[in-house]
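**Student:** Structure incoming, see below.
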Amino acid sequence: MEKEGANEDDSKSNKVDRFDVESVAQANGGQNNDHGLTSAHTIDHDSWKQVGVLLVTTFNCGYILTFSNLMLVPLGWSWGVVCLILVGIFAAYANWLLAGFHIIGGQRFIRYRDLMGFVFGEYFQITPVSSTYTDTKRNVLPHMGPAVFDPSAWEHGLYPSWWKSTQGKTNKDRDYNIKGSQADKVFHAFGAIAAILVCNTSGLLPEIQSTLRKPVVKNMRKALYVQYTIGLGIYYGVSIVGYWAYGSSVSEYLPKELSGPKWGRVLINAMVFLQAVVSQHMFIAPIHEALDTKFLKPGEKMYSTNNLKRLFVLRALLFTVNTFITAAFPFMGDFVNLLGSFTLFPLTFVFPSMIFLKVKGNSARFDQKVWHWSNIVLFSLLAVITTVSAVRLIVNNAKMYNFFADT
């Protein structure tokens, strides 16, 4: 796990100028020693600072303006703060652990499914991990590249927080009581825990890590430190300030609560929309790689005229469909809970401990084995419970709302 592979010069052989998935193997004399490393996009290129900024700006997207309602309203102050802290710590640890398995026995893994397939065999490629990916063996990883400067980080982090804090001081009717029946409170609480996980992890760490220069383990962990300090401080801060300012009646979209000049609300909504489009490129990177591999012209440069046209059409269609689905369901927050419960609990907490036991089980201490087995059992149970909670919320809301309802 500690081995970082060859020296920095080896990364040059992994960089390809053309959209040719076979070029990497050809450059290595017909051999591809890294499991699943063949890629039409540049890997082994970015600094940890670039990836750190990418993580901060991507996780602090427009969706954080829904987290006061999704995470804190169902939990209240006491349990809400406790869950924020615990999930944040465990997510940081689990990603730190997973980053250490990017290289095993000298082999580098640029996709989660390749890592699981190598460690556990073909069976574990049939998991929630592979549901996002194409079945073709020519999958490629989109090059994350330098992080995009995101002016809306200010809009999400500083400006609304200041605005909400000034309004919170004058709001004397705040109510922090958790509403609903006892059953509703329990199910909503587990849904909130899943939502907290969504705001802390993506389930794409090996894919993100593949863009880093060597030493990839050390650099990925540096980027994670940035995410779980600066990044976490922003999205937790916005969520807490929003809940403090408006209490349990806080809207599912914080800008709806803001008063003041119309131009301010228009500016915030415009920046939220723009940044949401930008941030999606990381979270749906597996879909990009599947579409790019299938429809772009091999043998031509990645950004040739023909491939640029195809890229534009593919991205436009993808985001149009995505926007249509989001607009159709007025309770998308419930699907956020489902995403966190059904996929991110196993990807973030269960699988890294399984990998540890498989790779280092023979040399691990007894207390380490107990720790990781405890993680597997506990978070598997949480995955089941939170999934049931999310499905229940979706079914209940489906009875209450119509498609494209203006909530």
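Glycine residues also receive a Cβ, built from the backbone N, Cα and C atoms like all the rest.
All annotation found in TrEMBL is predicted automatically rather than curated by experts.
What you see is a predicted model, and the numbers here were worked out from it, not measured in a lab.
According to TrEMBL, the protein has these features:
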{"type": "DOMAIN", "residues": "46-124", "note": "domain 'Amino acid transporter transmembrane'"}
{"type": "DOMAIN", "residues": "172-391", "note": "domain 'Amino acid transporter transmembrane'"}
{"type": "TRANSMEM", "residues": "51-73", "note": "transmembrane segment"}
{"type": "TRANSMEM", "residues": "79-104", "note": "transmembrane segment"}
{"type": "TRANSMEM", "residues": "223-246", "note": "transmembrane segment"}
{"type": "TRANSMEM", "residues": "312-332", "note": "transmembrane segment"}
{"type": "TRANSMEM", "residues": "338-359", "note": "transmembrane segment"}
{"type": "TRANSMEM", "residues": "371-395", "note": "transmembrane segment"}
**Student:** Using a cut-off of under 8 Å between C-beta atoms, tell me which stretch among 51-73, 223-246, 371-395 contacts the transmembrane segment (338-359) the most.
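**Tutor:** That would be 371-395.
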**Student:** Per the definition of 3+ C-beta pairs under 8 A with sequence separation of 6 or more, do the transmembrane segment (51-73) and the transmembrane segment (223-246) touch?
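**Tutor:** These two stretches do touch.
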**Student:** Who are the long-range neighbours of the transmembrane segment (79-104) in its own chain, taking Cβ under 8 Å and residues 6 or more past its ends?
**Tutor:** 1-5, 71-72, 115, 118-119, 189, 192-193, 196-197, 200-201, 205-206, 209-210, 216-217, 220-221, 224, 228, 232, 236, 239-240, 243, 348-349, 351-353, 355-356, 359
